[in-house]
Amino acid sequence: MPLIILPFVSQVMEPAEFGAASMLTASALLLVTIVAAPLDSLVFRVAARGDEDGPALLRAAGLYCYVVMPCIGALVAAIFAVCVPSLLGVSGYIWGLELLAIGFQPAMAYFALPVVQARQELAKFTAMASIAIILMAATKLGLLLIWQLGVLGWVISDLITAALSAVAATLLVRLPRTKVTRDHLRSVWSFAAPLIPHKASLWAMASMSRPAMALVASLTQVGLLSLGWSVASVANLILSEINRAALPRYSRETFPAPTQQTLSVVRLQVILAFAIPTLVGSTLAIAGQWVFAESYWPAFSVAGVLLIGQAAYGLYLIPTNYQVQTAGMTKPVAFASSAGASLMLVLLLTLGHAHGALGGAYAVAAGILLMLLISACLTRVLRLHIAVRTWAGMWPEVALAASGLTCSVWALMWPVGSMPSKIVGILCLAPTICAVLVSYRRAGVRHKLRKC
C-alpha cells in the first residue's frame with residue numbers, strides 16, 4: 001500500500017511538506033507505542049495458548065484498547081489543540097487531530113488483528129485488513145490528490161481511517177463475557193509493562209529519525225529520509241506481517257527448541273529477511289524513475305541503505321520471538337532495542353547534520369544491526385535451549401540471498417535511471433531466486449526423509 005500511495009503523494013506534496021506530515025505521524029505514534037503497543041505480544045500469546053485465564057486477560061486488554069485508549073487520545077488531543085499554538089512548525093490543532101486518530105488505532109492494530117491471527121480466523125482478518133487498507137487509500141488519495149489539502153488532509157485521512165477501523169474491530173471481534181479480577185489486571189501489567197521500553201525503542205528506530213532529523217537538517221532532507229524510509233518500510237511491513245503470522249507457533253513452542261513448531265518457520269524467515277528487501281530495492285532501481293517525482297530521486301540511495309537495516313530487522317525478530325513469545329521473558333528484550341535506538345540517535349545527530357538524509361539512513365541501519373547482535377547474544381545469556389546448529393546447513397542459500405541484497409543496494413547507488421542501475425537491479429534477482437529455490441528443494445528433501 002505505501003508504494004501505491006507514495007507516487008501520488010510525491011506529485012502533490014513537496015519534500016518539505018511531506019517531511020512535515022511524516023514527522024507529525026511519527027511523533028504522534030509515540031503515545032500509542034507507550035500505552036498500547038506492549039499489549040500486542042500478550043494478546044498473541046494468550047489467544048494462541050488457550051490457557052484457563054485467557055478469556056479474562058483478553059477482556060482486560062480489549063476494554064483498554066476499545067474504550068480507554070480513545071478517551072486518552074481525545075484528552076491529549078484537546079490539550080494540544082487548546083494549549084499548543086505550534087510545535088516543530090505544525091499548528092496545534094493539526095497535532096490534536098493526529099493524536100485523536102492515534103487513540104482509535106489500538107482497537108484494530110493491537111487487539112482485534114492479533115486475536116484473529118492467533119486464532120487463525122482468516123475471514124475476519126481479511127475483512128478487517130481490507131477495510132483499513134481501502135479506507136487509508138481512498139481518504140489519502142481523495143484528500144491529497146483531489147482536494148489537495150496538504151498536511152491537514154493527511155491527518156484527516158488518518159482520523160477517518162482509524163475511527164472507522166475501530167468501529168469495524170469492535171463489531172467483528174467481541175470481548176469474552178467473563179469476570180476480570182485484580183489478579184488478571186496485575187498479570188496484564190506484569191507482562192506488558194516491561195515491554196514499554198522495548199516498544200518505545202522500536203518506535204524510535206522506526207519513527208524518531210524524522211523528528212530528530214528536523215533538529216539538524218532542513219525539512220527537505222527530512223522529506224527525502226521520509227520517502228526512503230517509506231519505501232524501505234514496505235519490506236518492514238511484509239517481514240512484520242510474516243512474523244505476526246508466525247507468532248502463534250512461537251507461542252506454542254517449547255524448549256529445547258526448535259521443535260516442529262518453529263523449525264521450518266525460522267528457515268523461511270531467514271531467507272525472506274534478505275529476499276524481501278532485495279525485491280523492494282530491485283523494483284525501485286528498475287521502475288523508480290517513472291514512479292516518483294524527480295525531486296525525490298536523491299532518496300533512492302537512502303532507501304538502499306535502509307533496506308540493509310530491514311534485512312537485519314527481519315533476522316532480529318527471530319531471537320526476540322523466542323524470548324518473548326516462547327519463554328515469556330519480557331524484561332531483557334529492552335536491552336537490544338534500547339541500545340539500538342541510542343546508537344541511532346547519537347549517529348543521526350552527527351551524520352544527519354554532516355550528510356543529510358543519507359547520513360540519517362546510515363544511523364538507522366547501524367542501530368538495527370546492533371539490535372540484532374545484542375538480541376542474538378541474549379538467547380545465550382538467558383540460557384534458552386535453542387539448537388542453532390539445526391539451521392547450519394542453510395549457509396549456501398543464505399549466502400546467495402545476502403549477495404542478492406548487496407547487489408540490490410548497489411543498484412540504488414548508481415544515478416537514477418542509468419543503465420548500470422537497471423542492469424544490476426535485474427541481475428540481483430538471480431541469486432535471490434536461486435536462494436529461494438535451494439531452500440525449497442532442501443525442504444522437499446527433508447519432508448521425504450521424515451516420511452521414510
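The backbone N, Cα and C atoms fix where each Cβ goes, and this holds for glycine too.
Automatic prediction, not curation, is the source of TrEMBL annotations.
Given the structure is predicted, the values throughout are model-derived calculations rather than measurements.
Annotation comment: TrEMBL describes 20-43 (among others) as transmembrane segment. Beyond the transmembrane segment (20-43), the same-chain residues lying 6 or more positions past its ends with a Cβ under 8 Å from any Cβ of the stretch are 13, 57-58, 61, 64-65, 69, 72-73, 76, 88-90, 94-95, 98-99, 101-103, 105-106, 109-111, 114-115, 118, 150-151, 154-155, 158, 188, 191-193, 195-196, 198-200, 202-203, 206-211, 214, 219, 222-223, 226, 229-230, 247, 324-325, 330.
Sequence annotations record features per position, and here TrEMBL assigns transmembrane segment to 63-87 (among others). Residues 31-32, 35-36, 39, 93, 95-97, 99-104, 106-107, 110-112, 166, 169-170, 175, 180 of the same chain, all 6+ positions outside the transmembrane segment (63-87), place their C-beta atoms under 8 angstroms from a C-beta of that stretch.
Marked as transmembrane segment by TrEMBL: 93-113 (among others). Cβ atoms under 8 Å from those of the transmembrane segment (93-113) belong to residues 24-25, 28-29, 31-32, 36-37, 39-40, 43, 61-62, 64-66, 69-74, 76-78, 80-81, 84, 87, 125, 128-129, 132, 151-152, 155-156, 158-159, 161-163, 165-166, 168-170, 172-173, 244 of the same chain, restricted to positions at least 6 beyond its ends.
Marked as transmembrane segment by TrEMBL: 125-147 (among others).
The transmembrane segment feature in TrEMBL is assigned to 153-175 (among others).
For 187-206 (among others), the entry in TrEMBL reads transmembrane segment.
Positions annotated as transmembrane segment by TrEMBL: 212-239 (among others).
Annotated transmembrane segment per TrEMBL: 270-290 (among others), in sequence order. For the transmembrane segment (270-290), same-chain residues at least 6 beyond its ends with a Cβ under 8 Å from one of its own Cβ atoms are 3, 231-232, 234-235, 238-239, 242, 297, 300, 303-304, 307-308, 310-315, 318, 391, 394, 397-398, 401-402, 404-405, 407-409, 411-412, 414, 416-417, 421-422, 424-426, 428-429, 432, 435-436, 439.
Same-chain residues lying 6+ beyond the ends of the transmembrane segment (296-318) with a Cβ under 8 Å from its Cβ atoms: 10, 15, 223-225, 227-229, 231-233, 235-236, 239-240, 243, 266, 269-270, 272-274, 276-278, 280-281, 284-285, 288-289, 336, 357-358, 360-362, 364-365, 367-369, 371-372, 375, 405, 408-413, 416. If you look up TrEMBL, you'll see 296-318 (among others) marked as transmembrane segment.
Look at TrEMBL and you will find 333-354 (among others) tagged as transmembrane segment.
Look at TrEMBL and you will find 360-382 (among others) tagged as transmembrane segment.
Residues annotated as transmembrane segment in TrEMBL: 394-417 (among others). Here the transmembrane segment (394-417) has Cβ contacts under 8 Å with residues 267, 270-271, 274-275, 277-282, 284-285, 288-289, 297, 300-301, 303-305, 307-308, 311, 424-425, 427-432, 434-436, 438-439, 442 of the same chain, all six or more residues outside its ends.
Tertiary neighbourhood of the transmembrane segment (212-239): same-chain residues 2-3, 6, 10, 14-20, 22-23, 88-89, 206, 269, 272-273, 276-277, 279-280, 284, 292, 296, 298-300, 302-303, 305-307, 309-311, 313-314, 317, 345, 348-349, 352-353, 356-357, 360-361, 364, selected by CB-CB distance under 8 Å and a gap of 6+ residues from either end. Put simply, of 153-175, 333-354, 360-382, the stretch with the most CB pairs closer than 8 A to the transmembrane segment (187-206) is 333-354. Tertiary neighbourhood of the transmembrane segment (153-175): same-chain residues 21, 24-25, 58-59, 62-63, 66, 70, 94, 97-98, 100-105, 107-108, 111-113, 115-116, 124, 127-128, 131-132, 135-136, 139-140, 142-144, 147, selected by CB-CB distance under 8 Å and a gap of 6+ residues from either end.
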